[in-house]
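K.L.:
Got a structure here, written out as structure tokens. Questions coming.
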Amino acid sequence: MSQKQLKEAFISNLNGTSLLEISVGLSLPPLCLLCRGLLLILYYLHHGKPVSSRKCSLLLDFLVLVSPLLLSCTVLSPVIFFMPALLAAFCAGIFSKICSQRKREGRASFGQTVEEFLKACLDPEYVPAVTVFRVYVNVLTSISILAVDFPQFPRRYAKAETYGTGVMDLGVGAFIFGNALVCPEVRQEPRRARPRFSSLARQVLSVWPLLSLGLGRLLSLKSIAYHEHTSEYGVHWNFFFTLAFVRLAASLLLATFPRQKAWLVALALAVLYQLLLSTTSLKRFVLHGSDGRGSRLGFLDANREGLLSLLGYLALYLASVQAGLWLLRRRSSVRGWLGALGGLALAVVVLLVLLQLCQASTEPVSRRLANLPFCAWVLAHCLLLLSLFLLADLALVFTKLLVKGSSVPCCWKVVQPPDSRKKQGMEAVPVGREDRLPQLCLISAINKNQLLFFLLANVMTGAVNILIDTIHSEAAFTLCILHLYMFFNCLIMYILDARNIVLKFW
């Protein structure tokens, strides 16, 4: 077999992993975020100032936010079930040290801080969990697209061939979910009178970079005979095209139907598509082609997975819009967000029950088909991850109240209560010094140039695969390459953020 055929076989005919393992793995990013925040607060407690060195800040963010995830999907994957416990124990140790240090300094009692926390008001204009979710999906995707070509990346984490729940399968759906959370239909103010199709017009203008990237990827891969897994999207189709067309179709539907009824449109579309898969020959066509032997004659046959899965991805996008509308409601109190956490937990349970019912009555999860079980699975786990990020943020808010004046980038800011602002005739301002002490943050840096980060990761992945025989690499060499690759991508984003450069021209 040629090198191209070997690499294609290396990522083909896989079956995914268990729902439990994926759920356990999803707890790692929030724990990394919590660990980074607690370390910054502890540093402030000891030194009376935040980390001021840009080099130290970048190194800390990379080692705590990125490196554990890279290790967890390579050499530490055999002990993935123990990693959350170890990280949680480490966070508990840091929190205990913060509490003991406060006690020696004779600060306010723990009970008083709990009471203050429950009465605290948070910045209603910014939900950091949404930003962190989207950034981490990008980071995890960037790690996976290169790591999957190395033997240290477990085959069960790679995309399943037809049925199954691989980590990378969830990543595809999470990308759709993250885009829908911040789409124009979610972000626009409902009170403002806007033309009905204004969001559609903006989406038409905003998707051309995706179409350009999709075309560029197609031409570049064909020109250098790069290895491809054809059954993912087809011969000519790729995820950039899927994302662009889903966004356009969703904007058209949301311009026709009320935004608040997006979940009904999503449910109707997903159920109708599943009925077509189950009662007609559509599923057989997607999986085996028009002749039943997997032939790819003609454009539709050649790209059947990418074209027909658009229906499932569109339903997922619309359901995610509904989640975004609910999540970005103006909640300004800790109590309000604790109630929201309860609502998210209920939604996760309902979706997991729906997933089991769908799999029992129809078919297993299939990213290739983007069927109803796939949509329920992705929604459940994305909402679970968002819930964990919200929980980590609230834990950091509580710790910041323990250590007055401390700051954590990309975390909620405690603001003055609305009643006190009205009495004093002043705007909401953050309590403490965090608004006066700007800090560079890797999460913020990637967030400002997410598309560039993803594009850079794709280009670097191609370069590494061309230059290196990834399949036969040793563990130490693999870890070195993956860390250098991710650090380079993060460094570029960090430099652009330090110079306040946002490469968005559409």
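Placed from the backbone N, Cα and C atoms, the Cβ positions cover glycine too.
Unlike curated records, TrEMBL annotations are generated automatically.
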K.L.:
Quick test of your reading of TrEMBL: among 140-159, 200-219, where does it put transmembrane segment?
P.N.:
200-219
K.L.:
Who are the chain neighbours of the transmembrane segment (337-357) in space, where the CB to CB distance is under 8 Å and they lie at least 6 residues beyond its ends?
P.N.:
122, 323, 326-327, 331, 365, 373, 376-377, 379-380, 383-384, 386-387, 390-391, 394
K.L.:
Let me spell it out: take the transmembrane segment (474-496), skip the flanking residues so only those 6+ beyond its ends count, and list any with a Cβ under 8 Å from a Cβ in it.
P.N.:
54, 58, 61-62, 66-67, 70-71, 74-75, 139, 142-143, 146-147, 150-152, 440, 442, 445-446, 448-449, 452-453, 456-457, 460-461, 464, 468, 502-503
K.L.:
Among 20-45, 200-219, 239-257, 306-328, 377-398, which stretch has the highest count of C-beta pairs below 8 Å with the transmembrane segment (65-95)?
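P.N.:
That would be 20-45.
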K.L.:
For the transmembrane segment (20-45) and the transmembrane segment (264-286), decide whether they are in contact, meaning at least 3 CB pairs lie under 8 A, counting pairs 6 or more apart in sequence.
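P.N.:
They are not in contact.
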